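Beneath this line is the structure, given in structure tokens, with notes to follow.
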Amino acid sequence: MPHGLAVDSEENLWLTDVGMHQVFKYSNGERVLTLGESFVPGNDESHFCKLTDVVVSNDGSKIYVADGYCNAHIFKFDSKGKFLKEYAMPEDEQPLL
């Protein structure tokens with residue numbers, strides 16, 4: 001279930017898939033990076049739950065993943081997919097689902 005689509009400054013294509021709980025990076029039509037575990041939802045630095053979007057910094061050094069349907073988090077990774085930081089909305093401010 002593809003959900004989000006982004007193109008970075010180097011013309012790489014980034015896709016989020018809410019069903020697979022993953023982010024994919026494609027370069028010249030070839031998948032070169034995958035974040036998340038296929039069909040395994042979660043709430044940690046290597047698992048997402050129905051993630052919604054991905055954004056890449058202008059210089060390509062940082063990847064930001066919005067994991068908003070099940071979780072209220074933004075995850076930050078380096079350009080190689082190494083986890084750097086998690087930004088979480090305080091529980092008392094999270095919307096009721």
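Note that Cβ sites are derived from N, Cα and C of the backbone, with glycine treated the same way.
Values in this document were obtained by computation on a predicted structure and should not be read as measured data.
Pulled from TrEMBL:
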- His3: Zn(2+) binding site (BINDING)
- Leu5: Ca(2+) binding site (BINDING)
- Tyr69: protein binding site (BINDING)
- Cys49-Cys70: disulfide bond (DISULFID)
- 1-29: repeat 'NHL' (REPEAT)
Pairwise CA distance, Cys70 (disulfide bond) versus the residue listed as 'Ca(2+) binding site', rounded so that it is a whole Å: 19
Rounded Cα-Cα span from Cys49 (disulfide bond) to Tyr69 (protein binding site), Å: 7
Rounded distance in angstrom between the Cα atoms of the residue listed as 'Ca(2+) binding site' and Cys49 (disulfide bond): 17
Distance from Cys49 (disulfide bond) back to the residue listed as 'Zn(2+) binding site', taken between C-alpha atoms, in Å: 13
For the repeat 'NHL' (1-29), the number of residues DSSP places in helix, strand and coil: 0 helix, 17 strand, 12 coil
Cβ packing number for the residue listed as 'Zn(2+) binding site', 10 Å threshold: 15
Neighbour-count leader, CB within 10 A, recorded positions: Leu5, Cys70: Cys70
